[in-house]
Amino acid sequence: MQLKKGDTVALVGNSNPQTKPAEVEQLVYLLQAMGLDVQTSPLLFDTATTNTKAKATVLQDYFENPHIQAIFDISGGDRANSILPYLDYAKIAKHPTPFFGYSDLTTVLNSLLVVQSTKLFQLKTLLWDESGQQRQKFYETFFKQQTSLYDVAWEFVQGNDIEGLVVGGNIRCLLKLSGTPYLPDLRDKVLFLESFGGGKDAIFSMLHHLVQLPHFEQVNGILLGTFTSYQKEEIYPIEQLIKDVLPVELPIAKTTQIGHGKDSHALSLGKVIQLRA
């Protein structure tokens, strides 16, 4: 995807409501300084629990608006899965506007994979990274058609070859899709996992939930981002915990460049990845 001056992007919030108006204003200003026009969802700060259909309608309208070149969900938290039944996926398939989100947006990102690829990326990192490097990578990637935001260094911890269509995201949020029609088919997929919260027992439990999902045994491999709380609190390596839980030996690669960090890179879901040691 390429952006140019004069293009319009939309900011939405399908998870928890925004609580920092100044931060949103700063983000809009930053995008405008790059020459972009910015539309913002009227529900970004709405705390109601009855606005689920309205949020879905806002997102649907942005998808169907031919003047919007990209949609960035800047929210996170817990609520994003509530909009899934109210999206018209057939119509979105006719208007596959690039959609970006992170963390709790794992639910929406994976539900959309039936009609288009999506991007794991939190736009707010442009503000959180005070060094300016994240803004530079964003500009290079979207205005100069370079790949710096997507360039990721992977290290194999098991096996030496991973290939397949990437699905996944935040492990807690991905598991919200279990038992729903929105869970991606795991057969022949490469599963990306990361987490912000959760110590050893919580991650252990989530991993066991994960391996009980339909067709997990047919996953081609696992990619690990950062597990923020776990890696701060625990000595036992996250990759070893995963090896302990896996019912079969799968290739596993890890990176420190994708996660909840202020300098996190982006990852395409619904696209084929090929990694060799």
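Backbone N, Cα and C atoms are what each Cβ position is placed from, and that goes for glycine too.
Summarising the annotation, TrEMBL assigns domain 'LD-carboxypeptidase N-terminal' to 9-113. Residues annotated as active site, nucleophile in TrEMBL: S103. The domain 'LD-carboxypeptidase C-terminal' feature in TrEMBL is assigned to 163-275. Annotation source TrEMBL lists active site, charge relay system at E194, H260.
Taking CA atoms as the reference points, E194 (active site, charge relay system) and H260 (active site, charge relay system) are 8 Å apart.
Here the domain 'LD-carboxypeptidase C-terminal' (163-275) is broken down by DSSP into helix, strand and coil counts: 36 helix, 32 strand, 45 coil. Comparing H260 (active site, charge relay system) with S103 (active site, nucleophile), their Cα atoms are 8 Å apart once rounded. Cβ-based neighbour count (10 Å, all protein chains) for S103 (active site, nucleophile) stands at 24.
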